[in-house]
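Now, the feature entries from TrEMBL:
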- 30-480: domain 'Major facilitator superfamily (MFS) profile' (DOMAIN)
- 23-43: transmembrane segment (TRANSMEM)
- 84-103: transmembrane segment (TRANSMEM)
- 115-133: transmembrane segment (TRANSMEM)
- 139-161: transmembrane segment (TRANSMEM)
- 173-194: transmembrane segment (TRANSMEM)
- 200-223: transmembrane segment (TRANSMEM)
- 287-311: transmembrane segment (TRANSMEM)
- 323-345: transmembrane segment (TRANSMEM)
- 352-376: transmembrane segment (TRANSMEM)
- 388-408: transmembrane segment (TRANSMEM)
- 429-449: transmembrane segment (TRANSMEM)
- 455-476: transmembrane segment (TRANSMEM)
Amino acid sequence: MAAGVGGHERLINGQGLEVEGKITAAVVITCIVAASGGLIFGYDIGISGGVTTMEPFLQKFFPSILKNAAGAKTNVYCVYDSQVLTAFTSSLYVAGLAASLGASRLTAALGRRNVMVLGGFTFLAGAAINGGAQTIAMLILGRILLGFGVGFTNQATPVYLSEVAPPKWRGAFNTGFQFFIGIGVVAANCLNYGAARLEWGWRLSLGLAVVPAAIMIIGALLISDTPSSLVERGKLEKAKKALAKVRGKEADIEVELADLVKSSEIAKAMNQEPFLTIFERQYRPHLVMSIAIPFFQQLSGINIIAFYAPVLFQSLGFGKDSALIGAIILGLVNLASILVSTAVVDRYGRRLLFIEGGAQMFICQVAVAFVVAAAAGTSGTRHISKEYGASIVALMCAYAAGFGWSWGPLSWLIPSEIFPVKIRTTGQSISVAVNFATTFILSQTFLTMLCHFKYGAFLFYAGWIAVMTIFIVFFMPETKGIPLNSMHQVWEKHWFWRRFVTVQP
């Protein structure tokens, strides 16, 4: 637990002994390199929506969309309503779902770092196939390989960051993953803006995904695995060296190392299948959070807006260039807001950011719905003026900011920090799988929903944002500053969850 006030906290482990919480150059560098795993996910999120607005790409693979767009009185809500087009985007998430579930065993057996490397190579292969695609089948094959790559890295990286970071600053370090996702989104949107002017620009956009993959692979090969993972795999000497490196030469690492060894021995002594263990009553709160947090994150609508920002803006009457610029602006706002989260998450806690961000996103989604209704009309055939267009962009920027300092980084942080070591990789796998499953369903249905719900699609997401904010108020305990192996204390003290957990001595 954490004792004291303000920034002068002593971090106490489950045995009542003090744990070092010092920030060292080594831990900063290690966490930055590991967090760069978010680049590949962010690049893919950003690149997909932009490519699907490029005429040469649509002409080659989806000519029917161009015919729809050329209609005399096209309903702006329905221009891009194509199940084949959404299959191109969402096929990645089916593969990511499968990979994330399998990654639990791989991460436990091979280590966090090695699974990140494996994910990077898989993503690189998918990027090469997409860049040279000649048929829709090749496109979707490439997307599936990209999905496996993202599934592996999204499972391993948040766990890596939570295990390496000092407990007092775990939130700040873990937000690095979301920050690199944001960098990937912005880089992809900027590239799309330039590539849109080239006949073969879509190949450039898709093929250059090999660059973030290569950066991640090289970075991962230069860092060691986490002390927790090394202890779990019986490599005690390497674990000791890794712990000494990230905590500093002068740090007393024996207490933390002993805590890791004890937790690992307890887990091995139980000798239970982790996917069965996690369904036990005492882990009910952990399981609920690992499902609810990523589920709600996607139902905030953020990834749908990120995927389809250029398509969405173009559907709402913006020109092609204006749509891509709007997507870049959204990405930059999101990126800046993640830095806000990094600065305050370990000072003011997770709950405050969740609640404030949820309220802000709710207001913005409702406002967007009303502005779009007034601008495009119920029929969707009315041209959107520049004034209304500017209002839509401003509201979406405020929405992206609210997400960027709350549900964006915290949805990766919470599942990676609440589980005991014996089911940590399993819990993270379930969390990532839920994220991918929900994203797949929403990305496969959003353009159809926009066509049929019209401006009501934004009210749909606003309703879910209200639900998830209420959920946080009543059921999410504060986890800031708690060492990973002492996290059981927050459930034992919670008004609702304490009835499920077994009090540990």
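Glycine too: its Cβ is placed from the backbone N, Cα and C atoms.
Long-range contacts of the transmembrane segment (84-103) within its own chain (CB-CB distance under 8 A, at least 6 residues past either end) are made by residues 44, 48-49, 52, 61-62, 65, 115, 119, 136, 139-140, 143-152, 154-156, 307, 425, 429-430, 432-433, 435-437, 439-440, 443-448.
If you look at the transmembrane segment (388-408), the same-chain residues 6 or more away from its ends with a CB under 8 A from one of its CBs are 178, 181-182, 296-297, 300, 302, 305, 313, 316-318, 322, 326, 329-330, 333-338, 340-341, 344, 353-354, 356-361, 364-365, 367-368, 371-372, 374-375, 468.
Along the domain 'Major facilitator superfamily (MFS) profile' (30-480), the predicted structure has mean pLDDT 86.
Against the transmembrane segment (173-194), stretch 23-43 shows more Cβ pairs under 8 Å than any other of 23-43, 115-133, 352-376, 455-476.
Counted over residue pairs 6 or more apart, the CB atoms of the transmembrane segment (115-133) and the transmembrane segment (323-345) come under 8 Å in fewer than three pairs, which marks the two as apart. Only pairs six or more apart in sequence are counted, and the transmembrane segment (200-223) with the transmembrane segment (352-376) gives fewer than three Cβ pairs under 8 Å, not enough to call it a contact. Sequence-distant contacts of the transmembrane segment (139-161), counting only residues of its own chain at least 6 positions beyond either end whose CB sits under 8 Å from a CB of the stretch, comprise 31, 34-35, 37-38, 40-41, 44, 61, 87-89, 91-100, 103-104, 106-107, 112-113, 115-116, 118-130, 133, 170, 173-174, 176-177, 206, 209, 213, 216, 226, 229, 412-413, 415-416, 424-425, 428-429, 432, 435-436. Only residues 6 or more beyond the boundaries of the transmembrane segment (352-376), in the same chain, are considered here, and those with a CB under 8 A from a CB of the stretch are 76-77, 300-301, 316-317, 341, 344-345, 382, 384-385, 388-389, 391-392, 395-396, 398-399, 401-403, 405-407, 410, 454-459, 461-462, 465-466, 468-469, 472-473, 476.
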